[in-house]
């Protein structure tokens, strides 16, 4: 079984796939217009919702989030889509972030297992989740964004605002390996 990456047409979506391949994690990168039924037939062990330019171009992401009963990781726009589906709120950031930032890990969890209390990550966004959805907890923040990472309290649904797939997040591969372990143990 592989991880399916939903391409929301962001500049880094192909890097997610390449990073997973480098880590020997089988994956498929598919457009966000792929139907839920087609994805279900692929029998994925997990879903990654990639970044993208606009909440108006998210294809079938909401249906995927609501109907797939497997681990999901949303990155950047994917994080914002998860928040939206579960009743959170996304707004334009007071300060757009296009830089390496210091991530503060607030709670030990499977996604950041073995990482420690802080991590250098790459931020590339003009919008951010400002209201945490009900039944979610904040896993990490930064001085640029209060909700850098979140997790559903009862489901293996994670959202991260930053980009683990780029070289400016030196330990991003560990985050993907941890997500893969979450998928394998589900």
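Note that Cβ sites are derived from N, Cα and C of the backbone, with glycine treated the same way.
Annotated features in Swiss-Prot:
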ACT_SITE  76  active site, nucleophile
ACT_SITE  163  active site
ACT_SITE  165  active site
DOMAIN    2-186  domain 'Glutamine amidotransferase type-1'
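Proximity of residue 163 (active site) to non-local residues of its own chain (separation of 6 or more, Cβ distance below 8 Å) is seen for 12, 51, 75, 76, 121, 122, 123, 124, 169, 172, given in sequence order.
Reduced to three states, the DSSP call for residue 163 (active site) is strand. Here the domain 'Glutamine amidotransferase type-1' (2-186) has a mean pLDDT of 95 out of 100. Around the Cβ of residue 165 (active site), 27 further Cβ atoms fall within 10 Å across all displayed protein chains.
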